[in-house]
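Q: Encoded as structure tokens, here's the structure I'll be asking about.
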Amino acid sequence: MRAFTVVTSKVLPLDRANVDTDAIIPKQYLKSIRRTGFGPFLFDDWRYLDPGTLEIDPATRRPNPEFVLNDPRHAGAQILVARDNFGCGSSREHAVWALDDYGFRAVIAPSFADIFYSNCFKNGLLPVVLTAEEVQAIFECVAADADALFTIDLPAQTVRLPCGRVCRFDIHPHHKHNLINGLDEIGLTLAHADAIKAYEAKRRREAPWLFE
Amino acid sequence: MGRTLYDKIWDAHVVKEFGDGSALIYIDRHLVHEVTSPQAFDGLRLNGRKPWRVAANLAVADHNVPTTADRIRGIRDPISRAQVEALDANCAEFGITEFRMNDPRQGIVHVVGPEQGATLPGMTVVCGDSHTSTHGAFGALAFGIGTSEVEHVLATQTLVLKKAKAMRIRVDGEVGVGITAKDIALAIIGSIGTAGGTGYVIEYAGTAIEALSMEGRMTLCNMAIESGARAGLVAVDDKTIAYVKGRPYAPKAQYWDAAVASWRQLHSDPDARFDAEVVLDARSIEPQVTWGTSPEMVVPVSARVPDPAREADPVKRSGMEKALAYMGLAPNTPITDIRIDKVFIGSCTNSRIEDLRAAAAIVKGRRKAPHVKLALVVPGSGLVKAQAEAEGLHHIFLDAGFEWREPGCSMCLAMNADRLEPGERCASTSNRNFEGRQGQGGRTHLVSPAMAAAAAIAGHFVDVRSMH
């Protein structure tokens, strides 16, 4: 997994609450059996005026000029900011893969849905929870100057706004450690293989019907 | 101090505490479907890993499968076919039991698991699907996971988890005639919001929950995720045990008594402490209909579409305006004035035998309104379909102009050919009314099976209690 330490970037403002994973990546793209290539379909229904599928070349489609992702002022932003309950709905990790594949490294919101939140950490995408007031301040900064640069410092657990204001965020130490070091969680867990085997032997004695 | 049901299941599955609030948790049952697993199997191959315990896994293709009778000849859409074939090949390669598309036991993974007894009380159950919360109806800790976690479970039989907070939602009293688990679920979401349960595991309790059948409890727990909670739970009682008994994966005779004795412990202790408590009065719950693009945008059938002008919070007001524009609805429209184009009765929320019986009871002897283009009934599994046909329910639907299909997820998320066209309005028994969920530009109203059936007959929403 790609490590995350410090990212400095413009911010893409997506001024919506309850952005669900169906909106982040619609169902027709979940038929892909790959992990990559979802970036061109990120926010597909909002981003394009005509319908798309895996078989249609996105370059041939009509972008929706009203949608913020198509606003050239925000091109190259690696940080997305949105309102409450970002990533609600389906467990599809494709939503995180699409954000990552598009080029986002972090999402800032006042709250995230639980499954989306944990999926982020498996893919080097940092979800940052700030207060609604802090998120509002970020929206206002971006509205005033789309080119303004924000810095997310994971080791320090801070977001620095262009005005100099610094917002602190919480993150579980386990998530932080794995993200900073880009660690493979399966490899780490398998280091506890003996503990898993010991647990399993005990469980087999206590609830043998689970192992029939 | 007493423990909650969640505490008891959590404690029984801790392999190792990491001392920072997270723990390695053992997973008893892993359900697998075609959409969220191919990249996980690839991950195993890339790293030269094997499934830790093959027998813990059970696979079934459900999201992509066609629901038309011609599927016996295979899937026409080449991309859907490739995904289902990838599941077949992965299960064959790793030795995982799979109910293939034309197996009579095939169906929606959250219908199949309980039906087979593969979901048992006290288990940890996971699947790469958010509606895994369904299985909490059995007093099992069940939740959806992403594909990286699917790979983690395959490789290690565990997950690294941080313990959630515990919420209890009590629904006390007796619901009125014609009020179903779906109405209770929607009323709860309307009350606490789609993020009200975020960070929590919800235990549903109270006399109205105890009174629900296992099917009803599955509907309720299924929608826990729509209130933000990764898992929902209902305590084990006689109904739970009676449902499990005799199913193919249920404990064998020599273990049955010991299993039941341990399951009897699966309830919260009287002095258990919850981090949050919510109480609803069952008698106040009416049939529910969603009007917007989030399950929390829900009102009783007797109400009107809300007016954003009356919402003080600017973020909420803007969300309501966007939802009404997408749904093509004017504020203050009576819900019963909303005409529909299609009806979908199915999904992991409402495709079990009790759901089909409830819908058929309304449809019997009537016909769908002429302007309703399609009224689709999609049983949750091949076994549900067979049971319904043995009871003659399919004749009731077919005589009324409904379509009777093969099992699968179908128009809940429209990954197969069953979908809404842009602008079409649907009364749906599924779980999500998100933009585009049932087809790009489609407009979804979530309701109970009886309410969907009533809307199909009337051509618009109607209080099902007037049709009994």
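If you go along the chain as it appears here, the first residue is 1 and each next one adds 1.
Using the three backbone atoms N, Cα and C, a Cβ is placed for every residue, glycine included.
Worth saying up front: this structure is predicted, and the values here are computed from it rather than measured.
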Q: Which of B:C348, B:C426 does TrEMBL put in the same [4Fe-4S] cluster site as B:C409, B:C412?
A: B:C348
Q: Cβ within 8 Å of the [4Fe-4S] cluster site centroid (B:C348, B:C409, B:C412 excluded): which residues?
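A: Output for this site, in sequence order: B:D62, B:H63, B:I108, B:H110, B:H131, B:G346, B:S347, B:T349, B:S351, B:G408, B:S410, B:L413, B:S430, B:N431.
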Q: Report the member of B:C348, B:C409 (the binding-site residues) whose C-beta atom has the most other C-beta atoms within 10 angstroms.
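A: Per the Cβ count within 10 Å, the most buried is B:C409.
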